[in-house]
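*Asks:* Swiss-Prot lists these features:
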- 2-206: domain 'Glutamine amidotransferase type-1' (DOMAIN)
- Cys80: active site, nucleophile (ACT_SITE)
- His184: active site (ACT_SITE)
- Glu186: active site (ACT_SITE)
Amino acid sequence: MKVGLVDYSMGNMHSVSRAIQQANQQVCVVRSESELAQVHILVVPGVGHFDLAMKKLEQKGLRTGIAKWIAKGNPYIGICLGMHILFETSEEGKEEGLGVYKEQVKRLPVKVIPHMGWNRLECQNSECQNSEWVNWKAWPNAWAYFVHSYGVMASSQACATTTYEKIQMVAAIEKDNCFAMQFHPEKSGEFGLWLWREVMKKAASL
């Protein structure tokens, strides 16, 4: 089963590609809407500015292509900026996101930005325990690697949260065929590799 890794010049393609391969999946780089037909699972990484990301996707024809992909029920996995673009808007810019989630991405209301380094995932509430994508009970004390200045403070569809400077924020979120992470699983060691295998298994079943 081919995993499409979207290349829109906004992410660390090499480390994400290697992590997917370590999860025993074949990687196919996607740079245009027509190439979406060649893959079964879509992974969208990303680090950088929200507006620039949406504009680059538009230039490649992928903004509409990804929206259609999600609407058809195909599996989408987002990382960091790849999570942010799933929301309607961001305080970081004026472009519209894909609108899968209704909340707004906001600048973190903290003293030290970016939120960078290892942080514990909180997966104890009912949404986490009822996750259709990840069996969080199998890794109850997970730590993941974060690098971000913007995020989502709350969502009913969050399946994991984290707390930084006493501010709780979304660490992972899911809705039907979409699963996205604020943290970087490709930089999160053994837990990250385990998580890749979990989400790939779910994505392959869709």
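Glycine too: its Cβ is placed from the backbone N, Cα and C atoms.
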*Asks:* Please report how many Å separate the Cα atom of Glu186 (active site) from that of the residue listed as 'active site, nucleophile', as a whole number.
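*Replies:* So the Cα of the residue listed as 'active site, nucleophile' lies 11 Å away from that of Glu186 (active site).
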*Asks:* So how many other Cβ atoms are close to the residue listed as 'active site, nucleophile', meaning within 10 Å of its Cβ?
*Replies:* 25
*Asks:* Let's check the environment of Glu186 (active site): how many other CB atoms sit within 10 Å of its CB?
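*Replies:* I get 23 for this one.
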*Asks:* Translate the DSSP assignment of Glu186 (active site) into the three-state scheme.
*Replies:* helix
*Asks:* In three-state terms from DSSP, label Cys80 (active site, nucleophile) for me.
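*Replies:* In the DSSP reduction, Cys80 (active site, nucleophile) maps to coil.
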*Asks:* Name the residues of the same chain, 6+ apart in sequence, whose Cβ is under 8 Å from the Cβ of His184 (active site)?
*Replies:* Ile79, Cys80, Ala144, Tyr145, Phe146, Val147, Gly192
*Asks:* For the domain 'Glutamine amidotransferase type-1' (2-206), what's the model's average pLDDT?
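*Replies:* On average, pLDDT over the domain 'Glutamine amidotransferase type-1' (2-206) sits at 95.
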